[in-house]
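J.: Submitted below is the structure of interest, expressed as structure tokens.
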Amino acid sequence: MTQTAKSHSDQVTLTQFIIEQQRGLPDASGTFTLLLNNIVIACKQISHRVNRGALIGVLGSAGSENVQGEVQKKLDIITNDIMVRALDWGGHLGGMASEEIDDPIKIPKQYPKGKYLVLFDPLDGSSNIDINLTVGTIFSVLRCREGVEPETEDFLRKGTEQVCAGFVLYGPSTMLVLTTGNGVNGFTLDQDIGEFILTHRNMRIPEETSEFAINMSNQRFWEPPVKRYIDECIAGQEGPRGKNFNMRWVASLVADVYRILNRGGVFLYPFDLRDPERPGKLRLMYEANPMAFIIEQAGGLCSTGAERVLDIKPHDIHQRVPLIFGSKNEVERLIDYYQQPTNN
Ligand code: F6P
Ligand code: MN
């Protein structure tokens, strides 16, 4: 049967969905809905800029480096500014932190301060922007101590303390994937009416998979458990796993997570032996933690190999972590390999 578009009267907008969810919570004040609304407005603006691309001269390098020593794209800076400007005035936030900015971002004096903190990666996968592949925005919401100017330490909270996490995917469709700790739901931006519409209710990651995602060019630096796992996948039907595996690597975390949410899979950006000061590539506070919250809420697992990502006590806003997540059975297998002394 061909898929037919739902009539507008059947559609649930993101705003309706969130307000209905909040009604079920005794101490909900509506502040969170307003905060989310401002995040969504920023992401619609980013979606527009990303979509216009070369037509409005936003592609290419900005000629600067961020705090992590990565070359910034023009769009890294533009999208960071869009996020900050959409969020600083609303009175919902005590402060913000961004991949692109060294220290926490303060709320300007003229605006009231609120009870949440937002941490974000304004344009994840930005190395893909000039070749027109999928990129995204990732965000994580924490509670803030009220009435205080948050310091760096106030942001350094375990992933288990997140009240909301989400990402927006700027792909063939613009999509928002969201959790507030009550499952994971996906919304597609209807460009004609400018609203995110609930299209993927209660997303669940299949427990079984035969697809893995890893940057194979780092193979010589991996630790033994990861080497063993990938060797066994590649050995296919004739190997110890007795089945063939497929590999996918978009090099855009948002796109790899979205694929895994839909059809399962396991993603690895593991610890590697290149630089002990750099344990992995992905950043805990605005990449790994929000994705871990979403993955677990969708029935998957997320680990460094040695510990659950959401249980890590952070020490730096920009710290990196090894990251292994996806279908439950494969992540459990990897954790098991890490626990076997002969593998280490
Ligand atoms: O933000 C970092 C990031 O771009 C992720 O989106 C992606 O998963 C990863 O880096 C890709 O890394 P590499 O370029 O090493 O494949
Ligand atoms: Mn990123």
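Keep in mind that glycine also has a Cβ here, set from the backbone N, Cα and C atoms.
TrEMBL does not curate its annotations; it predicts them automatically.
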J.: Asp121, Asp124 bind Mg(2+) 2 in TrEMBL, but which of Glu287, Glu296, Glu307 does that record place at the same site?
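T.: Of Glu287, Glu296, Glu307, Glu287 joins Asp121, Asp124 in the Mg(2+) 2 site that TrEMBL records.
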J.: For the Mg(2+) 1 site that TrEMBL lists with Asp121, Leu123, give the additional residue from the candidates Glu99, Glu146.
T.: Glu99
J.: Besides Asp124, Gly125, Ser126, Ser127, Asn215, which of Lys44, Lys158, Lys281, Lys313 does TrEMBL list for that substrate site?
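T.: Answer per TrEMBL: Lys281.
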J.: Say you check the Cα of Asp124 (Mg(2+) 2 binding site) against those of the binding-site residues Glu99, Asn215, Lys281; which is nearest?
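T.: Minimum Cα distance from Asp124 (Mg(2+) 2 binding site) across Glu99, Asn215, Lys281 lands on Glu99.
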J.: Under a threshold of 6 Å between Cβ and any atom of ligand 1, which of the binding-site residues Glu99, Ser126, Asn215 are retained?
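T.: So the answer is Asn215.
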J.: Could you tally the C-beta atoms, other than its own, that fall within 10 angstroms of the C-beta of Lys281 (substrate binding site)?
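T.: That number is 18.
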J.: Around the Mg(2+) 1 site (Glu99, Asp121, Leu123), what further same-chain residues have their C-beta within 8 angstroms of the site's C-beta centre?
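T.: Apart from Glu99, Asp121, Leu123, the close residues are Asp76, Thr79, Asn80, Ser98, Glu100, Phe120, Pro122, Asp124, Ser126, Thr137, Ile138, Tyr286, Glu287.
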J.: Given the binding-site residues Gly125, Asn215, Lys281, Glu287, find the one whose Cα is closest in space to the Cα of Glu99 (Mg(2+) 1 binding site).
T.: Glu287
